């Protein structure tokens with residue numbers, strides 16, 4: 001599981017940073033990629049990665065500001081330029097309005113897609129679980145921005161325990177079909193009458209990863225709830241230390257507020273994005289340094305950077 005950042009800037013593209021989008025790469029887990037937000041130029045950034053558009057199975061939108069959705073019609077259109085056998089449906093999750101935005105854009109531009117879009121709109125005031133599969137659950141909760149906006153909590157379900165192959169061999173179990181039966185939880189009896197209890201050779205289930213991805217927001221309790229004990233928290237840092245008043249006025253957070261959320265939630269790692277174009281390279285290191293006085297495991301991400309989870 002990896003997160004690759006396709007756009008880490010705030011408001012408008014800059015030479016160094018595109019606007020908001022990231023890919024949660026679940027290729028090893030379910031052979032899919034999930035996008036979170038799709039700002040202008042997202043498909044251009046994807047061309048600079050190994051991500052195949054047909055692998056993008058789900059798109060989660062945090063809110064309907066342009067820097068988070070203006071790349072969506074173009075990406076959906078370009079995704080259709082694949083061979084017919086590669087066409088797969090796509091699911092789009094987001095606040096009420098995302099469906100009308102996408103359909104109006106496609107209609108006005110005369111775009112016809114050879115695959116289906118399944119929309120999952122929700123009211124941000126009542127949203128909760130938005131997706132459950134056999135391996136993942138996704139929750140959303142309303143944040144505190146200038147328009148309806150949510151954050152997402154992606155929970156990987158517990159992973160199967162691992163088979164202790166060395167112990168099995170020591171117990172006289174020949175490598176082959178019996179290993180498979182034991183891994184599936186079946187007890188087996190060897191030719192000499194020895195009974196092998198499967199549970200004795202399988203480790204307990206391992207907890208899956210928890211990834212929290214927030215949209216634009218002021219510091220709020222919902223951010224902490226979404227991030228409790230997460231392995232990774234992706235949080236905006238549009239403003240820097242001392243800019244709390246202007247950040248609140250415009251519905252955003254400072255690096256210091258993001259760090260406090262991470263500390264309060266007990267996350268393992270904080271990744272800061274949605275960086276204002278006014279911050280130069282020398283300012284970025286100071287943003288990280290200031291935030292680290294509150295939460296040490298903090299990193300300011302760059303476009304195309306990939307984080308292994």
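The backbone N, Cα and C atoms fix where each Cβ goes, and this holds for glycine too.
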Binding-site annotation, Swiss-Prot, Zn(2+) 2: partner of 67, 68, 274 in 125, 134, 216: 216
According to Swiss-Prot, which candidate in 145, 299 joins 63, 65, 216 at the Zn(2+) 1 site: 145
Per DSSP, three-state class assigned to residue 63 (Zn(2+) 1 binding site): strand
Cα-to-Cα gap, residue 67 (active site, proton acceptor) vs residue 274 (Zn(2+) 2 binding site), nearest whole Å: 10
Long-range Cβ environment of residue 63 (Zn(2+) 1 binding site), under 8 Å and at least 6 residues apart: 94, 95, 145, 147, 148, 149, 150, 215, 216
Coarse DSSP state, helix versus strand versus coil, of residue 274 (Zn(2+) 2 binding site): coil
Neighbouring C-beta atoms (10 Å sphere around the C-beta of residue 68 (Zn(2+) 2 binding site)): 26
For the binding-site residues 65, 145, 274, the one whose C-beta sees the most other C-beta atoms within 10 angstroms: 274
